[in-house]
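These come from TrEMBL:
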DOMAIN    10-428  domain 'Kinesin motor'
BINDING   G115, V116, T117, G118, S119, G120, K121, T122  ATP binding site
COILED    487-528  coiled coil
COILED    567-613  coiled coil
Amino acid sequence: MEGSQPQPHAFQVYLRLRPPIHQSTTTTANEDTSFLTVIPPIPTFPVDDEVDNETKTQVTIHPPSNHRSQKIETFSFTEVFDEACGQAAVFGKIVSPILEGVLKDGRDGLLATLGVTGSGKTHTILGNRQTRGMTQMSLDVIFRSLSDRISRLSESQMDQCNDADADIMDVDAFMTKVTSIVEPHQIPKPNTFPTKPSVESQVVQVSGPASIKYAILMSIYEVYNDKIFDLLAPSTTTRRKALLFKSTKSSGDRKVVTGLRKVMVTDLYEALQVLGVGQYQRSHGETGSNDKSSRSHCFISLELKKLKKSKLDGSTKIKESTFTIVDLAGSERARNAKTAGDRLAEGGHINKSLMFLGQCLEMSTTQSLSQPSKIPYRQSKLTELLFTNSYNPAAEPQIAAIVVTADPAGDFNATSQMLKYSALAKSSVNPRPPTVMSGRSVSGSSLFSHFSVASGVSGATEEYRPDSSMSAMSALSVLSSPRAMLSQDMVNMIAFLQRQLRQADEKIKEAEKRVEEANARCLEVEMQVREEVTTEMEQRIRMMEKKMLLRLQDQAEQEEVHVDRKLDILKRTLMETNDENDRARDLEIEEYVRELEAENNSLRNEVQALKRKRANGESPLKERSLNRLKF
Ligand SMILES: Nc1ncnc2c1ncn2[C@@H]1O[C@H](COP(=O)(O)OP(=O)(O)OP(=O)(O)O)[C@@H](O)[C@H]1O
């Protein structure tokens, strides 16, 4: 499964310890000021032939007794080089494999040193008066390996491979130009560079027909206050022009430093001349921590142009590979460095860029190389320069190594901080207070002779008892004296701890399996309960529906009876109303009839009376009354 594979890391990260140089006047020869211990390789049980039992990969740091945290931390690296390791050993283990990749496979290579100020970064990269650094040894190996294949670029070839607006120059023209600006005596002479250690045995066999040639271009630049400056283009004015880091037409997605001066060199002597100019031009300064402290991140770039002539049309195909050597400025604490003004501002820029580098390194140990977008390397010029080409998706990733340098007797806080973000893995333990074990109290002198480990989820506790008679005090002195040789007892104890860890691991896995099974069972039960609840609910709903229907029917019937009753009342009321009306009308008619009859009677009487009067010959007035009656 892809996710479970260990992720490839952008860098191999090595740790190199600096030997003590100046014995403090207040420190006696026996007094041990070191807070750092290299853990001897743990023998594998049973002995595994494939495991390199000589390679040291871990260190522990023990805080000074007055430090607020007494946590003992362990850091893992690709390999740890102790104080006794010289330049040749470091070169052989770290740089030789990179050079093989560059010379044989045409890959890009990167070597960088990282560490607190004064921890030995520049010493590793450039050496000192007596010893060569990785740069001189690399140049020596490159020229020895390519010897009679070294060539110069023709004008047209220069145009062909100049993708970054570079100022490509022959070394003679370059030295003439430089010495017209800089006093020649100020530039370190190549013959003052040491010749030791020798690298004759490290020569890389380059295969292919002898017609394949190589041209070598050298450029040196620095990142100072987050700006890139060319160290091979000395200026007559104090104002230097910063260079751009960008992608060009021919470089595609890959970013390159544009406008750089690139000097064509054909042998070690010429290369050392160019290196001398770069070293002279680099920003240095005196600080409280280092009297010749690097105040910038210096990049030395060696471009190998592989020239292959076509037999068909005589044109030259150019394949490029670059080996970049980086001497980073050291992180520093202003209080220790006793800096002010420009130096303080430089220190701020240095620390900031190193903080970003730390973030990128930490993330690159947890991220897959296939997810480069998640590494925040665009935060500073330094991280962009270091990481952009490591993650170049268009090309094979470069072979990259970081050498973290540390002074075991230097600044504890700064060094532990540096180890924290550069280590490939880390763990820590807090010295434990007296513990109650198996019903017995373990305290004081027996704390170290009885070592307890809670094993796995069951909480069972196993005890470690040393085979030999190592006393609590001697165990204590081993733990507090990092430089002391670790006894067989300690090795046994570590092996015992490893066994315990393995057991705990197995128990954790078993417990995880059980939790998974329990989860599955829970899920099953949950499904069953859900089904039962659903069925019961459906039954209840059906019953409720039935009840509701019956109640509605009841209601409807009652309504009907109620309405019928109302209708009856209405009918009755109507009928009663009609009867009363009829009776009233009849009475009225009767009354009217009676009135009419009365009037009739009175009229009849009047007619009788008139008739009688007429018969008796009475007046016309009386006749008129008679007419009215006729009418
Ligand atoms: N492995 C070593 N063997 C011998 N001397 C060493 C070693 N490492 C460092 N030194 C010496 O320690 C001193 C400080 O080392 P160096 O200048 O390389 O530190 P640095 O990490 O580059 O510091 P800065 O970041 O301030 O430039 C120098 O005198 C150097 O020669």
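Glycine residues also receive a Cβ, built from the backbone N, Cα and C atoms like all the rest.
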Sequence-distant neighbours of S119 (ATP binding site) in its chain (C-beta under 8 A, six or more apart):
R18, G330, T405, A406, D407, G410, T415
As a test of reading the model: what is the averaged pLDDT for the coiled coil (487-528)?
83
Per DSSP, V116 (ATP binding site) is which: helix, strand or coil?
strand
Including all protein chains displayed, how many Cβ atoms other than that of G120 (ATP binding site) lie within 10 Å of its Cβ?
21
